[in-house]
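Over in TrEMBL, the protein carries these features:
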- 21-47: transmembrane segment (TRANSMEM)
- 26-508: domain 'Major facilitator superfamily (MFS) profile' (DOMAIN)
- 67-90: transmembrane segment (TRANSMEM)
- 102-121: transmembrane segment (TRANSMEM)
- 166-195: transmembrane segment (TRANSMEM)
- 215-234: transmembrane segment (TRANSMEM)
- 350-370: transmembrane segment (TRANSMEM)
- 377-397: transmembrane segment (TRANSMEM)
- 403-420: transmembrane segment (TRANSMEM)
- 441-464: transmembrane segment (TRANSMEM)
- 484-504: transmembrane segment (TRANSMEM)
- 512-539: region 'Disordered' (REGION)
- 514-525: compositional bias 'Acidic residues' (COMPBIAS)
Amino acid sequence: MARGGDGLQVLSALDAAKTQWYHFTAIIVAGMGFFTDAYDLFCISLVTKLLGRIYYTDTSKDSPGSLPPNVAAAVNGVAFCGTLAGQLFFGWLGDKLGRKSVYGMTLMVMVICSVASGLSFGHTPTGVMATLCFFRFWLGFGIGGDYPLSATIMSEYANKRTRGAFIAAVFAMQGFGILAGGIVTLVISAAFRAAYPSPAYRDDHFTSTVPQADIVWRVIVMLGAAPALLTYYWRMKMPETARYTALVAKNAKQAAADMSKVLHTEIVDEQEKLDAAEGANSFGLFSREFARRHGLHLVGTATTWFLLDIAFYSQNLFQKDIFTSINWIPKANTMSALEEVYRISRAQTLIALCGTVPGYWFTVALIDVVGRFAIQLLGFFMMTVFMLGLAIPYHHWTTPGNHIGFVVMYAFTFFFANFGPNSTTFIVPAEIFPARLRSTCHGISAASGKAGAIIGAFSFLYAAQNQDRSKTDAGYPAGIGVRNSLFVLAASNMLGFVLTFLVPESKGKSLEEMSGEAEDSEEEPVGARAVRPSETQMV
């Protein structure tokens, strides 16, 4: 009876392996990519106000400059467009060429484009913004590849008992990346503010933005290259995953040799068994068999990630605007340019420290205990509750004395995003699809998420504008306001809760069991096929 790689000793050894040093090495090496991803994607939101002051201030006006709507949308959103393209391309390439070889490519793209973004050249605002957007698109392209490859590599290295925690730990580095972005910006802006003191804009329009402010944003952006560069060597030393080598490349001998070194145990070469299973479960992504087995799973992972990212990225990118709207950050003309950057980064650091980072690590601790499904449902539900808790009494939160309450509620939405769907939508696609399509399907799911992030990044700029045209930011039309935008995000979260029921629970199961690669590959008579438990397990 031919079986699609089921029973290979090398895969059984990985599933049963005790937690050891190579697991933690893989978490750090893969996780530093995510640390860099988060830093690069979110640091731009900390300096967009500064970019507006430097390049678009008209000193004849009472308020400092801000990025025009189309420029702000491009600067904030272009990296997401690149990320979406990178997730699809590198996800597909990871299944064609192998995880390891493509992993190094994505990292070098990230390093080069981080530095190039900070060196954006030009003598006019248009020139600087155009080159910044160009390099941020390709930076996003490299970041995109990190999503399917990091998740797939970690899932294929891990044992089945703690696999969820290991993949979650890789993704949790995103929280540290967001926190690091806030801290780095806080330190650099504080240092420059002390070295080059300047008055508030309303006191002196000309000297409020010192020339050295142009260095600040460039240094912040370029520092994103450092952690990626530091881990490049270690990424290149990691062996190809045994599941790719055995199940996709069909080289059981190499898989056994690689994992014997990693696990420090003798693993038998079972090439004959693998050859006997040739042709088992060989259906493609666009086949009827894939649609029958995994079609609803892919719809579930893609749509839930899409809906989650609409809420998550619109909040993260524009929290500075929300804080301004509730008067937690003073009006721009009451501060100097560097003071404004300092205040914005302080607010983001506080939110990351209190809500973002703890949520990720709650997931790491509990995902293999309570399961992916329960955490995702809880996260979507609580995000809906806290969004409504912000939106319904919104006018109460914006009155003096109630701002801290708003910030606490806002931090809880981040906590339950990360102790919830922001983590699980990353984990599950790396566990439930066949090895030869795993990276591709994760890339498709992740790209759906980035489509949601693009909607959040571009539309929230406009939607959150005041309904009174006279009170909108310069150049923006009237929007639906922050309160109504929060209602829209709550509805998005509720729909995510419902669609979670399309996604199967993978806790405690091997990758081959979840993907169906452990199933009997013999042809069965038409009409006599029994329904297998793994196909009906729709939680």
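Placement of Cβ uses the backbone N, Cα and C atoms for every residue, glycine included.
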Query raised in the report: Between the transmembrane segment (215-234) and the transmembrane segment (102-121), do 3 or more CB pairs sit under 8 angstroms, pairs being 6 or more residues apart?
Result: yes
Query raised in the report: the transmembrane segment (21-47): which same-chain residues, six or more beyond its ends, come within Cβ distance under 8 Å?
Result: 75-76, 79-80, 83, 106-107, 110, 114, 136, 139-140, 143, 146-147, 150, 153-154, 157-159, 162, 166, 169-178, 180-182, 184-185, 216-217, 220-221, 223-225, 227-228, 230-231, 234-235, 238, 262-263, 316-320, 341, 344-345, 348
Report task. Tell me, please, if the transmembrane segment (441-464) and the transmembrane segment (67-90) are in contact, taking contact as 3+ Cβ pairs under 8 Å between residues separated by 6 or more positions? Result -> yes
Requested in this report: Please check if the transmembrane segment (350-370) comes into contact with the transmembrane segment (484-504), where contact means 3 or more CB pairs closer than 8 Å and the residues in each pair are separated by 6 or more positions.
Outcome: no
Query raised in the report: Would you call the transmembrane segment (484-504) and the transmembrane segment (166-195) in contact, using three or more Cβ pairs under 8 Å, pairs 6 or more apart in sequence?
Result: no
Query raised in the report: Do any residues of this chain, six or more beyond the ends of the transmembrane segment (166-195), have a C-beta under 8 angstroms from a C-beta of it, and if so which?
Result: 23, 26-27, 30-39, 42-43, 46-47, 150-151, 154-155, 157-158, 210, 212-213, 215-216, 219-220, 223, 316, 336, 338-339, 341-342, 344-346, 348-349, 352-353, 356-357, 359-361, 363-364, 367, 418, 423, 426-427, 430-431
Report summary line: Per the Cβ filter (under 8 Å) with a sequence gap of at least 6 from its ends, the transmembrane segment (403-420) is approached by 172, 175, 308, 311-312, 315, 319, 322-323, 326-328, 350-352, 354-360, 362-363, 366, 375-376, 378-380, 382-383, 386-387, 389-390, 397
